[in-house]
Amino acid sequence: MSLIKIDQKAYEYNLRHIAKKIGSFQRLICVFKDNAYGHGAKLLAPLAKNLGVSFVAVKSEEEAQEIEEFFENILILSHRPHGNENSRFIYALNDISQVKKYKQDIKIHLKIDTGMHRNGICVENLEHAIDLIRSSDLKLTGMFTHFASADEMDGSFFVQKENFQKAKKIVKKYFSNLLFHSHNSAALFRGKIPEDEYCRVGLVQFGYGDSNLKRVLSLYAHRLSQRILQKGQSIGYGGIFTAAKDMEVATYDLGYADGLFRYNGKGELVLGNGKVMLGKMSMDSFSCENSGEEICVFKDADIWADFFHTINYEILVKLNPNIQRVLV
């Protein structure tokens, strides 16, 4: 049975490193959306709580309910208002037209569009948005934005930072004691975080984005069968790989149905133990040189991301939630 191992010490090390950069665990918002980027939100929640994290962000109400026992504050980022919101949670207000659709007395964080143009209210429309919120029964407790290019060396990051500062000045005229957060994983190590802000950390908490961090997740598969592949014999669909000599091969219990990108047999896809995948990946299995009962498929998503010309996020979040995840 395939298995995901979560390195508890590595995760705790990363959070301590991040908290030191920010100033405290109290200013840290751990983003646990999409099953904590494939790592297992319910598995990691008690670890974060025990270190002092009290604020997390998720995608939906369903995700919030899975971990609500662990955290005092849970922000739901991608909610479509339905009028029956849970007062236990905080909801992102992504569009000003949604103000009247929320249940009364619900806590909200106002999303500001500072230049990404995906969700949120433009700074130019902020005064109008504030008027609508003040005339409603919603409880504005925070305001935030998202940087589109914090990991790229262009000027848009600084433009967005300036726009958010403008938005903060405006909203502070009408509300006090708001919680602000703008810096995401990519922005965390790119400069000083304003003293009046929290920091949302996503993939960086799992060891990506800074060389001082440690990878948390490693993916393993277990052997289904083994055989001697004789010289000239092929393996898998289409016979893409043909043995140049007699070799001992094995089939392992992980395939593209488990959320992996489908390897088509072209190029060398290096596994976590240094072996290469042989032939096309099947729905529920793959083959390689016999590596024992258990094989590490990957422990660094960057390697697979480079091979498949994508980003490490996509490699990790696609991992099937039904794969067992254990702390090691």
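The backbone N, Cα and C atoms fix where each Cβ goes, and this holds for glycine too.
Per Swiss-Prot, active site, proton acceptor is recorded for LYS33 (among others). With a cut-off of 8 Å between CB atoms and residues at least 6 apart in sequence, the same chain places ALA57, VAL58, LYS59, GLU63, LEU77, SER78, GLY202 near LYS33 (active site, proton acceptor), listed in sequence order.
For TYR237 (active site, proton acceptor), the count of additional Cβ atoms within 10 Å of its Cβ stands at 13 [all protein chains shown]. Secondary structure at TYR237 (active site, proton acceptor), taken from DSSP and collapsed to helix, strand or coil, is helix. According to Swiss-Prot, the feature active site, proton acceptor maps to TYR237 (among others), an assignment based on sequence analysis.
Within the same chain, residues at least 6 positions away in sequence whose Cβ sits under 8 Å from that of MET283 (substrate binding site) are GLY255, TYR256, ALA257. Mapped onto three states, the DSSP output places MET283 (substrate binding site) in coil. The substrate binding site annotation in Swiss-Prot covers ARG118, MET283.
Per Swiss-Prot, the feature N6-(pyridoxal phosphate)lysine maps to LYS33. LYS33 (active site, proton acceptor) carries a helical DSSP state (H, G or I).
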TYR237 (active site, proton acceptor) to ARG118 (substrate binding site) - Cα separation in whole Å: 42
Close in space, distant in sequence - ARG118 (substrate binding site), Cβ under 8 Å, 6 or more apart: HIS146, ALA148
